[in-house]
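Here is the structure we will look at.
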Amino acid sequence: MAVRCCSSMASASVVLFFVVVGMSASMVSGCDRCVRRSKAGFRDSSIALNAGSCGYGSLAASFNGGHLAAASPALFRGGVGCGACFQVRCKDGKLCSTAGAKVVVTDEARSTNRTDLVLSAAAYAAMARPGMAAQLRTRRAVDVEYKRVPCEYAAGRNLSIRVEEKSRPPRELSIRFLYQGGQTDIVAVDVATVGSSNWKFMTRDYGPAWSTAQAPAGPLQFRVVVTGGYDGKWVWADGEVLPRRWTAGRVYDAGVQIADVAQEGCYPCDTQEWK
């Protein structure tokens, strides 16, 4: 998968349209780089986070060592926030380290009880100083500060596409993006037969899930617009991502990992450095 400039005025217009859409979604939560202050709680069982609103299912357990989180509606952004990463640290210096824990959003916390994030038990314990995890868990919620950070996966772990079970080859294709790196949002997805310039747009179903009822014949390549703040660009595969006979329920490697960090045009909402 490569990053390229658009080759025609028509393509440029499409990019502009989707960048504007992406800006609207991103502006809901303000500046990603800002340090925010709130409370964070935790869930004793990670099952709810694995089976959360983002629809990752059992695959969520492979995200970030199981350090997962449910996010408030403002951070979840109607599903656009699925897969986003946040660095979270509690403000009790006796119990918690200054490093905190990095979490991946897999669910929405609809009833937040004034908490912006509800962490998995493993992530909550990871905020603690050595030997203090048990004591930290006796407090169901703590004051925290957090900010969005780039997602980083192990070397060799690329952006991947899961073909959802509701897909019906060859025309009805529903996919879900997994392991998205960087600090951007995917705001547009196109699919085409490998070697063809006849791209078909896909519609966002919810969060990381996209679909089309007019999938072209395989093998298939994809291109996406990644954006956040005011910056956006196409990222796409030069070769095959899904084979000619793709299969529902399988995960396919996109052959690339996104490492971009979105540029923002907003005034810093917090001048305190993250130390």
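Heads up, the Cβ atoms here are built off N, Cα and C, so glycines get one too.
These figures come from a predicted structure and were not determined experimentally.
Swiss-Prot has this to say about the protein:
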- 51-156: domain 'Expansin-like EG45' (DOMAIN)
- 171-254: domain 'Expansin-like CBD' (DOMAIN)
- Asn113: N-linked glycosylation site (CARBOHYD)
- Asn158: N-linked glycosylation site (CARBOHYD)
- 1-30: signal peptide (SIGNAL)
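For Asn158 (N-linked glycosylation site), other Cβ atoms within 10 Å of its Cβ number 18. Taking DSSP states H, G and I as helix and E and B as strand, the domain 'Expansin-like CBD' (171-254) has 0 helix, 47 strand, 37 coil. Taking the domain 'Expansin-like CBD' (171-254) as a whole, pLDDT averages 93 in the prediction.
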